[in-house]
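Written out below as structure tokens is the structure these notes cover.
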């Protein structure tokens with residue numbers, strides 16, 4: 001009966017031209033399609049500076065270690081021994097300490113490397129940690145990959161000649177960079193600005209790169225008949241009596257003068273410098289730290305590798321996912337990273353000074369400072385531009401109803417999201 005009456009009234013309203021006021025609606029109550037995420041605490045249970053004996057226990061899960069235990073390793077890797085409950089599935093190892101790399105010792109210095117032999121997930125980039133005593137030379141050489149470098153300590157004088165016969169000479173210090181495109185012959189020599197010489201990080205845009213496969217000047221000359229060498233330089237064989245019979249690689253020499261002149265070249269000098277004084281660039285101040293970004297927009301020659309130098313204060317966070325593979329080097333402090341590889345796969349790693357990390361382009365992740373000091377690290381990508389996507393900004397710029405439908409969040413919570421990119425977030 002009531003249905004008939006309502007139909008008659010509706011028809012009457014339509015005939016009279018009147019419109020019925022829309023009924024007030026409210027969003028349907030949320031319904032659980034899956035179980036809600038747990039609120040169980042998942043912080044790192046200890047760090048490298050702890051004095052406790054680490055145990056494989058988190059809450060009610062796990063048990064004590066009663067067999068042999070490398071306590072120092074366990075103290076450095078809390079989230080491997082007692083992982084957060086949010087870890088799941090399988091993710092390839094994303095951490096390699098340079099301290100576990102074989103070191104190549106030379107008269108005048110040393111070099112140790114990380115590539116896919118030691119960190120198989122890092123297919124797009126590799127790294128070398130190199131030390132030169134004052135005056136020591138990393139001999140004239142070239143390779144088929146780009147070379148990007150960050151000076152950790154001391155100063156280095158660089159020389160290079162490009163394909164057009166233009167030459168280059170410059171000196172870089174702590175916090176500065178250099179970049180050589182593939183095929184550019186160059187050399188490195190530590191100055192005596194510091195009595196200890198220099199130490200630096202090299203990054204190459206090929207994960208399979210090996211420092212042992214570089215084409216070296218002395219190695220080449222030792223394997224060419226001397227009469228051919230003499231013919232090439234237009235002189236006698238005796239002029240080359242003292243060339244080495246094998247490669248030198250790293251060797252001692254007299255420290256270069258601060259005012260070393262660049263040899264005159266009829267073709268002139270390199271137009272786009274191979275060095276960048278990042279130490280003289282002011283960092284962008286953020287709520288939880290700082291960032292300096294360097295790529296082809298401000299370092300023109302660097303077309304294959306870009307980077308960010310990041311600091312995160314205690315309790316701060318860097319939360320995002322990149323648009324390129326990311327090779328990370330930790331300079332100081334203690335960091336924690338969860339790598340999310342989609343389809344329910346996630347794993348958490350702990351990093352400290354001297355460690356290398358790697359995150360493929362499609363993997364979401366964060367870096368959290370879990371120590372008491374500033375966390376300082378480099379994020380390096382094999383791209384001419386440094387780019388990333390902020391989770392905070394992504395959700396802030398998405399229609400709120402859509403975000404609420406996904407995550408069940410309140411309008412109040414969403415109102416705190418930032419529509420500008422928060423590169424580093426301060427502690428809560």
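Placement of Cβ uses the backbone N, Cα and C atoms for every residue, glycine included.
The structure displayed is predicted, hence computed values, not measured ones.
Features as listed in TrEMBL:
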type	residues	note
SIGNAL	1-20	signal peptide
DOMAIN	98-241	domain 'Cupin type-1'
BINDING	141, 143, 147, 186	Mn(2+) 1 binding site
DOMAIN	276-415	domain 'Cupin type-1'
BINDING	321, 326, 365	Mn(2+) 2 binding site
ACT_SITE	379	active site, proton donor
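Regional average pLDDT for the domain 'Cupin type-1' (98-241) in the model is 97. Counting only residues at least six positions away in the same chain, the Cβ atoms of 357, 358, 359, 361, 379, 380, 381 sit under 8 Å from the Cβ of residue 326 (Mn(2+) 2 binding site). Non-local contacts of residue 143 (Mn(2+) 1 binding site) by the CB criterion (under 8 A, 6+ apart in sequence, same chain) comprise 182, 183, 204, 209, 213, 214, 215. For residue 365 (Mn(2+) 2 binding site), the nearest of the binding-site residues by C-alpha distance turns out to be 147; the candidates were 141, 147, 186. Within the same chain, residues at least 6 positions away in sequence whose Cβ sits under 8 Å from that of residue 147 (Mn(2+) 1 binding site) are 178, 179, 180, 186, 202, 203, 204. Per DSSP, the secondary structure of the domain 'Cupin type-1' (276-415) breaks down as 22 helix, 65 strand, 53 coil. The binding-site residues 186, 321, 365 differ in how many other CB atoms lie within 10 Å of their CB, and the one with the most is 365. Close to residue 141 (Mn(2+) 1 binding site) in the fold, though at least 6 residues off in sequence, lie 185, 186, 187, 214, 215, 216, 217, each with a CB less than 8 Å from its CB. The record gives 321, 326, 365 for Mn(2+) 2. Within 8 Å of the mean position of their Cβ atoms, the other Cβ atoms in that chain belong to 320, 322, 339, 359, 361, 363, 364, 388.
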